[in-house]
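Just below is one structure, and these are the notes that go with it.
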Amino acid sequence: MKFTLSWLLEYLETNASLEEITDKLTHIGLEVEDVIDNSRLTGFIVAEVLEVVPHPNADKLKLCKVDDGSKILQIVCGANNVREGMKTVLASLGSTLPESDFTIKPTKIRGVLSEGMLCSASELALVQEESEGIIELSDDYKVGDKFFNCDPVIDINVTPNRGDCLGIYGIARDLAATGIGTLKTLSIPQLTSSINSPIDVEVTDGESFISGIYIANVKNQESPKWLKDRLESIGMRSISAIVDITNYIMISFSRPMHAYDAKKIEGELTVRKANDGEKFAGLNGKEYLLNKDISVIAGDKNIHGIAGIIGGKCSECTLETTDIFLESAWFDPISITKSSRQLGISTDASYRFARSVDPEFTFDGLNLAAKMILDLCGGETSSVVSAGSLDSADTKVSFDYQDVNKFGSVSVSPDEVLDILTKLGFSIDKKTEGNWNVQVPSWRPDVTIPADLIEEVTRIYGYDKIKEEPLPNNVEEVDSTYDNLRILMTNRGFHEVLTWSFMSESTAEKFGYSNKLFIIDNPFNNSFNIMRPSIMPNLLQVTADNIAHGISDLAIFEIGPIYDGEAQSKYVLSGIRSGNNLPRNHYNTDRKVDVFDAKADCIAALEFFNVNCDNLTIEKAEKEHYHPGKSGTLSFKNKVAGYFGELHPNILDLFDIKQKVVGFEVILENIENLPVSRKKFIDYKYQSVKRDFAFIVNKDVEVGNIINVIKKSSELITEVLIFDVYHGNNIEPNKMSIALSVTFCSPIHTLTEKEIQKESSAIVNLVCENTGGTLRTYR
């Protein structure tokens, strides 16, 4: 957003310097990107040549008497086109040429003193190629005036929520709220109509508002110098007085407008949706193919504009235009954004409409522009015609001013809070001492909650005044806990991955998450249109990508948030194994991962938090993405701690995975709430001993029961792991062989072989008694 200092001062009463103003702009969030200070161009003056005589000592030079508006100067000039009575540009003494950085000084040229220089266009960097002769100005230029607009130009970066600051008046309002100056009161003219508008308006797209004034008998012409200078200084091309006035109002008040040549409009103007395949010729000389999602402004025969984006060539205002229809409208920001992207058109108008313009300034902007047109071009006006409904939200926010200091970490008095909000245009009803009812102004649709008001006050009060506050200690504790959990998983052979927090709705539904999905209103990609309800689909995609690159043995995990339909996130640990597991010994190097690996990983994570897994029950997994017969849910009294199991073949098919994959999920936020006893830490100083058992049991025996029986058989047992489940030769069809590794250790002495044998016999007896099984091997 560019504007000149003098333009700003039309709306802001202040004695602040340029540097003070730009510093304050950056401090309140309107970051200054550039300041173009043209003060070095003040020495270039409009001058008139009064007399031209030959140089006494040079045939190709001339001696000129030049009037600069204050005195008569003697100038030596070599231009062929210099003549008496012409107006040109004088580089006065002390000025520096922009093209060469040459400073003008009193100089004797062939023995005659020259008190300045008459300039060509190339010497002033107005053209790239070298020009012949000096600049010849029209009679409109006044002798003594500065040739260049030397007004400093300020360029600020406006955030998307501040559409009001895409107008200079909005910027002035923010500056006034800081105390740097006073916002000048805006006087809105009241026009008297003398004719009826032959053009009526209508809205059928269901989302727009349009108003307009018919102005007859205008004399469109070149804009006056002050208006041209204003627009050209910020990079806008002057076109004609009528068009320039609409641009002037847009830059001043963030109020886009459009002027139609009224004689080129047939019937009424209707804001409607385009038909698929309709064509439109824009003012930029390009033709566009439209569709039914784009709002247009059309007459009976032609489309005269794409709503809020660009006008049509068919009703363009020219210097021959005598009657105009001046439009001021409001269009839906989302609709404008989508249409602009579809068509690949970005204009000053669409940029503002997409960020929302003030709906309540629609008529005020129309009157201001119409009054300027009457002043500069003459004419007579109709009354205002309008159609549609204005989307002017009546937003009120309940606000406790004490929250500014509480959450903003500043010290602002209630009177200061009231003063800042009032200067920003908010109106306050003091309901109680602490609770205010704040009416949000129509130009601030981004302010909807108390936090927005806190931001507004702290922004104007000064972000540099915010006190430093230490972070809560619990943040460090949580981070440290998760870091240690990551170390545990790494020690178990896993690699950590980080995946998107988004996924597609269709993928979630295939995993059984059809309810309570958190839909993203404006996703950057249709494949990422919901917040993920599970990390497992993302891990499977990573697994599939690795398998496609030849990496089939994989163990990956992620710690991160998942989301339900109310946008409540909870942290989980999810992991996946596929392919070969780490070999148990050098005789068994190609063991495939199985459900017990996933169970062991899940239990290891729970035991990391000192959960006594002996008290957890194992039930059938309720998640649809697990194999129903090879999975489980770890819980205690309906409080889920985690899930584990082999991934369902149908799920693997979605990712084109042809090998077995197992996974687990630990609900980290449930762990601290699990009503289970905590394991007491025992420092085992003495050597542990392992023994392996293999039992033949019926296939319907739950493996978890065998583990629980073994763990309860002795206090010397520290770990029980399953490392093999076998069906096949030498085993009856309804039987299976379960192989387990049991670790013994005493906290007070090294175990003897006799003690180990006694504990092992107790294990065999209890397992056979509780399962009806038999011992197959022991070693």
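Just so it is clear, glycine is given a Cβ too, placed from its N, Cα and C backbone atoms.
Per Swiss-Prot, domain 'tRNA-binding' is recorded for 38-148. Annotated domain 'B5' per Swiss-Prot: 392-468, in sequence order. Annotation source Swiss-Prot lists Mg(2+) binding site at Asp446, Asp452, Glu455, Glu456, citing sequence analysis. What Swiss-Prot lists as domain 'FDX-ACB' is 684-776, and the listing cites sequence analysis.
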Around the recorded Mg(2+) site (Asp446, Asp452, Glu455, Glu456), other residues with Cβ within 8 Å of the Cβ centre, ordered by sequence, are Asn161, Arg444, Val447, Ala451, Leu453, Ile454, Arg459
CB neighbours within 10 A of Asp452 (Mg(2+) binding site), counting all protein chains shown, number 17
By the 10 Å Cβ-neighbour count, the most surrounded of the binding-site residues Asp446, Glu455, Glu456 is Glu456
What DSSP reports for the domain 'FDX-ACB' (684-776) is 29 helix, 33 strand, 31 coil
Per DSSP, the domain 'tRNA-binding' (38-148) contains 3 helix, 45 strand, 63 coil
Asp446 (Mg(2+) binding site) falls, by DSSP collapsed to helix, strand or coil, into coil
For the domain 'FDX-ACB' (684-776), the averaged pLDDT of the predicted model is 88
